[in-house]
Amino acid sequence: MWSLPLLRHTDVPQRVTENFILSGYRFPDYSLLQCLVSAFRPTNETGNFWTHFLPIFLFTFHFVEMFEWEGAPTPGDPFFYPAWTYFIGVFYLLLASSMAHLLNSMSLIIREICFFVDYGTISAYTVGSSLAYYYYIHPQAGIPKIAVWAQNASGLQTESGEEPLSHVSSTSSSSSFSSSVSALLFRAFFENLYIPCSCLIAIVCVITCCNTRQRWRKYRYAVRTLVFLLPFFISSTPVFYRLLSPSPYPVPSSSVSSSSYPSSTMAAFFFRHCFWLVVSAVFNISKIPERLSPGKFDIWGHSHQWFHCCTFLSILDELHMIKVEIRALLLHPSLVLAPVVAPQLPGATACSTYGVMMVLQGCIASVIAGFGWSAYQIYAPQQKLLKEQ
């Protein structure tokens with residue numbers, strides 16, 4: 001019971017096999033206890049489990065660090081609501097992924113549901129990132145303050161950072177006017193469409209990824225990887241805007257060390273975040289190194305393990321980027337003030353953070369339930385035959 005024999009790809013249903021992985025398979029009829037025990041023996045899923053289970057603790061360690069900063073609010077303060085929704089998204093992503101790889105040998109039906117849940121948590125994570133960007137990057141994006149800071153830098157006089165955008169536009173040059181219009185359009189998109197778009201695209205991604213388990217099987221890895229490019233570009237909109245705009249932070253003075261000035265650091269973390277995402281996509285699509293030597297990387301070192309490592313490194317750099325922005329807000333609390341030009345950006349509330357995530361999870365759960373029922377109808381007869389053998 002404790003050490004059931006591992007099988008080759010020819011001894012298990014084709015549905016269970018992975019490209020270029022020839023051995024180390026668990027038979028798709030394990031009990032829950034047998035699945036849990038298999039985490040401590042070398043199978044072709046052991047590395048997949050640990051490369052996302054152990055990072056949960058590393059991510060948590062780096063996350064809770066910001067609560068110890070001097071001047072930081074209490075962890076339950078509304079200021080940290082977006083951070084907690086981001087944490088929930090990452091936590092469920094890592095936990096669901098590790099559990100999917102550990103428990104998928106219980107049955108063909110459970111295998112399908114495990115990975116449906118895995119895709120759902122990836123989408124929920126993208127919305128958690130969007131909420132963190134919305135509340136921690138958007139206030140510093142200078143909407144409408146960006147035009148004010150730009151003019152101050154060029155020697156023009158303004159009364160304060162709270163001056164209405166219309167007044168700034170009427171006294172600036174044509175280039176400043178164009179910048180102000182762009183800021184106004186960006187603000188309109190950001191305040192009205194950014195979060196709804198993130199949620200809608202997340203649901204579309206779940207539906208697409210779940211479909212790859214029935215359709216487009218030949219290109220399933222490419223489809224699952226590329227489909228998440230869209231939520232990446234949507235959620236990263238405020239980051240792109242910040243990188244292309246003058247920094248809203250004041251020049252560091254003697255009272256604020258230069259290490260606290262966030263612009264270049266945020267950019268560095270974001271570019272590293274993108275780098276690890278690209279590398280993880282290459283591993284997931286190419287199936288290197290096992291493609292080059294089938295059977296040699298069945299247990300350790302195959303592409304999905306490297307894919308897990310690189311995706312976690314990208315998440316860790318994203319966390320560092322968000323922490324940079326949170327630290328900057330704590331150092332410059334005046335930047336969290338909402339714009340005076342209506343509609344104002346409200347502060348984080350339980351409804352606008354946890355509420356959004358709960359509604360999204362409900363929608364994703366409905367999608368998973370639908371695909372799960374379809375999987376049951378397809379694989380229940382096959383599973384019955386496997387038990388009779």
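One is the number of the first residue shown, and numbering goes on along the chain from there.
Just so it is clear, glycine is given a Cβ too, placed from its N, Cα and C backbone atoms.
Annotation source TrEMBL lists Zn(2+) binding site at HIS304, HIS308.
Annotation source TrEMBL lists transmembrane segment at 47-64 (among others).
Residues or ranges marked as transmembrane segment by TrEMBL: 84-103 (among others). With a threshold of 8 Å between CB atoms, the same-chain residues lying at least 6 positions outside the transmembrane segment (84-103) that come near it are 32, 35-36, 38-39, 45, 48-50, 52-53, 55-56, 59-60, 63, 75, 110, 114-115, 117-118, 120-122, 124-129, 131-132, 308, 312, 315, 319, 322, 353-354, 356-357.
Summarising the annotation, TrEMBL assigns transmembrane segment to 115-136 (among others).
Summarising the annotation, TrEMBL assigns transmembrane segment to 193-210 (among others).
According to TrEMBL, the transmembrane segment annotation covers 222-244 (among others).
Positions annotated as transmembrane segment by TrEMBL: 264-286 (among others). Same-chain neighbours of the transmembrane segment (264-286): 221-222, 224-226, 232, 236, 239, 242-243, 303-304, 306-307, 310-311, 313-314, 317-318, 320-321, 324-325, counting only residues six or more beyond its ends whose CB sits under 8 Å from a CB of the stretch.
The transmembrane segment annotation in TrEMBL covers 324-342 (among others).
If you look up TrEMBL, you'll see 354-376 (among others) marked as transmembrane segment. Only residues 6 or more beyond the boundaries of the transmembrane segment (354-376), in the same chain, are considered here, and those with a CB under 8 A from a CB of the stretch are 81, 84-85, 88-89, 108-109, 112-113, 116-117, 120, 123-124, 127-128, 131, 195, 199, 202-203, 206-207, 210, 213-214.
Most Cβ pairs within less than 8 Å of the transmembrane segment (115-136), among stretches 47-64, 193-210, 222-244, belong to 193-210. Among residues of the same chain six or more beyond the transmembrane segment (193-210), those with a C-beta under 8 A of the stretch's C-beta atoms are 116, 119-120, 122-124, 126-127, 130-131, 134, 223-224, 227-228, 230-231, 234-235, 237-238, 356, 359-360, 363-364, 367-368, 371. It is HIS308 that, of the binding-site residues HIS304, HIS308, has its Cβ surrounded by the most other Cβ atoms within 10 Å.
Note on the transmembrane segment (222-244): residues 119, 122-123, 126-127, 129-130, 133-134, 137-138, 140-141, 186, 189-190, 194, 197-198, 201-202, 204-205, 208-209, 212, 216, 263, 266-267, 270, 277, 281, 284-285, 321 of its chain, located 6 or more positions outside it, place their CB under 8 angstroms from a CB of the stretch.
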